[in-house]
Amino acid sequence: MDICVRPVWAEIDLDIIANNMKEIRNLVGEKEIIAVVKANAYGHGALDIASTLLENGASRLAVAIITEADELRDAGITAPIMILGYTPINFAENLINNEIEQTVYDVEYAKELSDFALKLGKKAKIHIAIDTGMGRIGFLPNEEGLNKVLEICSLPGVEVVGLFTHFSTSDEKDKTYTYEQFSKLTNFNKALEDNGIHIPLKHASNSGAIMDLPETYLDGVRCGIISYGYYPSEEVKKENLKLKPALTLKTNVAFVKELDEDMYVSYGRTYKTEKKSKIATLPIGYADGYSRLLSGKAKVIIKGQFANVIGRVCMDQCMVDVTHIEDVKIGDEVILLGEENGLKFDANDMAEIMGTINYEILCMISHRVPRIYKKNNEIVKVRNYI
């Protein structure tokens, strides 16, 4: 690679992002697509993929926190942006002036937003969250919750853009609980309509429901992990969407040395060579998001072959056994997460080792890691965060 970046990088294929989004569009038809780009677009880089998502099917974006929304607005993104989580009221002027749509689940908060908006001569755009069974944020779908939402809808400085809930088990085979959640939301919405309140954008379907439950699409859907090419679980109907991971994590060999039998590698002396061995050091560690839990368990791809990670992953480096691979040298390219010529070690494989989910693996890739964007197999953008 001729560009000047640190020898650890994540390659993101924008053509794959585009194709994944087109697949989602084909599945959901004319429903509005809210592309979730929180956590730096699940590690893919929100600033640099937002336009690709919007050009290929999404009409809205969703983030978790105000600074994520600000970053997109500052970059010139004009599409509607929804904040899925909590924003302190001292950011109210920012929300209103930048037309950022805030999730609301508290009457007093809504009143404060309304007051700020009236002072500015504008409307605060909001989505009202209903807790149908996640046990997280949101009004409960009971009479008390209904009265609170009706009060919010009457506030003069507020424009209620959306009503939504979040499914907790839509990616599981048994959909019983998801149907219960969906029924609670639709019944709550009917009660609102019976009181003369008609909210334009009702949304509930997350990635699991998008794949398996078209009857839950309502007015719009929220796609997260599937935009980036990963399925939310092994229990969804994968045949409904043809997805491909867009991100490959790479590095270059930093050093190669031979060790005699009975020599130790890395902290704690957890690995000892059983024979004369060739060991390659890679300049990536847990500070980059390459977890210490991968120590002695992960694989990498070098010269078309797997090599095992040995010893403990360090903060900035790790070691792999390349005894069986000929002519490994400093500068050779290494795939830590991805696929090449039929060999695959991806976020699902890492997640299984670490006892977590593919979402977390992607989000762990830190800001120390440059992102390199490709279209038509050519580099079109490099993002160095630090």
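Quick reminder: no glycine exception, Cβ is built from N, Cα and C everywhere.
Feature list (source: Swiss-Prot):
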type	residues	note
ACT_SITE	Lys38	active site, proton acceptor
MOD_RES	Lys38	N6-(pyridoxal phosphate)lysine
BINDING	Arg136, Met315	substrate binding site
ACT_SITE	Tyr267	active site, proton acceptor
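Its own atom aside, the Cβ of Lys38 (active site, proton acceptor) has 19 Cβ atoms within 10 angstroms in the protein chains shown. Over all protein chains present, the Cβ of Met315 (substrate binding site) has 12 other Cβ atoms lying within 10 Å.
For Lys38 (active site, proton acceptor) paired with Tyr267 (active site, proton acceptor), the C-alpha to C-alpha distance reads 35 Å.
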